[in-house]
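For reference, the structure is listed below as structure tokens.
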Amino acid sequence: MSAVLKQRIRYKPYLDKIRTAAQCVDLFGAKPNQYIGWSGFTGVGAPKVVPDAVSKHVEENNLQGHENWRYNLFVGASAGMEIESRWANNNMIARRSPHQVGKPIAAAINEGRTDFFDKHLSMWAQDLTYGFYTRDKKENSLDIAVIEATAITEDGHLIPGPAVGASPEIVHMADKIIIELNTKTPSFEGLHDINMPVLPPFRQPYQITDVSQKMGTPYIPLDPSKVVAIVESEFADVVGANSPADEGSKAIAANLIELFQQEVKAGRLPENLLPLQSGIGNIANAVVEGLADASFKDLNVWTEVLQDSFLDFFESGNLNFATATSIRLTEDGFKRFFDNWDEFSKKLLLRSQVVSNNPEIIRRLGVIAMNTPVEVDIYAHANSTCVNGSKMLHGLGGSGDFLRNAKLSIMHTPSARPSKTDPLGISCIVPFATHIDQTEHDLDIVVTEQGLADLRGLSPKERSREMINKCAHPSYRDQLLAYVEQAEFECAKSRSLHEPHVLKNAFKMHTNLAENGTMRLDKW
């Protein structure tokens, strides 16, 4: 037992439950169809050594695909990519939900080896506590929860690390709990505000009217009798370096900042805007970087995930406070974060995903939501999950939680992406989205590097022109306009002009991409 481990465990009865990861392996092969819950969100705060030990056992004993070693795996969002990828490669994941990242798990899903379902993240953790996902179990519970912590309180409760996610709900639903105490990571104590699940009809309103407001506990409460093992982990989270913002992302950010300036001038937003939500990726980083350099002051953030760019945002003096459920930082970002702990910790709070993504709070605060889709169609239906309607990427995540309930709902995307044979082979503005996650009723603004389509109050026919003229790539504008004109001509005959489509051509750009490597058509 290391001195750091002993120091971090302030509940002394747990000292008798210290085990190695290898000593926990037998719990996982006890019976088929086990339900397993992990901590973690967007690749940080997930368990590492126990899942790795289970993988090693499966590999050494040629147990890949054995029914006792295939699991229903639930994580608040994506877990550590390396760990989950190893499970996927060993055919250990029978069912997965609600969000994942990594080529092996995506391959398992799209090849039919793993059943996957996604869900709005605020609803997923809630539905877990309703027993919706364990209906075939007599106990209606999770068999094992493996939760990363950075400290344990005097009463045996958990201090999470850089992610809260669905850990409170997973702990609540678990029969057995394994705590991975990460001594490589400094303690995050004081950075959390945790609310445990309360089921209807006893649920009360979330008394949050400001991003910095607390209403929970600084730890995850649990029943110490459920804890079967404490395992030391000495491995830091691994997050890849962020790609620098390209010119397209910077142009999108500039278009958004111009919109905010216009909304302030028109009196529809206050001078310090309203709480901001931003996803992850190059465009999201460019937006945050642009806001850090812009003239807006005293900004607040209510979001899911904070990336390295938010550290610059804090240091610019323009950001007052941020709430999230995960801090997804690179190695350099975490070092910078802990080197400036006294400053950053005063301006940051980590909550569960049920709270960070809660529609009640998002609507009350008037959040400005910004997310990136796979594609958006001319009537502003957005696809966030399934390429060509069939191939799952990662899952819905929290985009729907925010976009349905925000005061200002924004989707930003490049106007076009390269295919294998054409540098502009994929238009992100299409006649009809091949899968719809966000409907036309959810979006206010669509932004590309070409411009910004303000869709508020527009009819579908008006939206189609706005989308094509403002957001589509020039290589596709005439083609898309020709589709709209053809659709309006045909639908006029049948008196169905509200949202005109030519069904035989609605997906022709997608089929042409599959057959010819580009969405650019010779003719409709």
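Note: Cβ is positioned from N, Cα and C throughout, glycine not excepted.
DSSP gives ASN282 (CoA binding site) a helix state. Residues or ranges marked as CoA binding site in Swiss-Prot: GLY279, ILE280, GLY281, ASN282, ILE283, GLY398.
Classification of GLU304 (active site, 5-glutamyl coenzyme A thioester intermediate) by DSSP places it in coil, neither helical nor stranded. Per Swiss-Prot, active site, 5-glutamyl coenzyme A thioester intermediate is recorded for GLU304, and the stated evidence type is similarity to another entry.
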- Mapped onto three states, the DSSP assignment of GLY398 (CoA binding site) reads coil
- In all the protein chains shown, the tally of other Cβ atoms within 10 Å of the Cβ of GLY281 (CoA binding site) is 15
- If you measure GLY279 (CoA binding site) to GLU304 (active site, 5-glutamyl coenzyme A thioester intermediate) at Cα, how many Å is it? 7
- Cβ atoms near ILE283 (CoA binding site) (within 10 Å, other residues, all chains): 27
- Query: Quick one, of the binding-site residues GLY279, GLY398, which Cβ has the fewest other Cβ within 10 Å?
  - Reply: GLY279
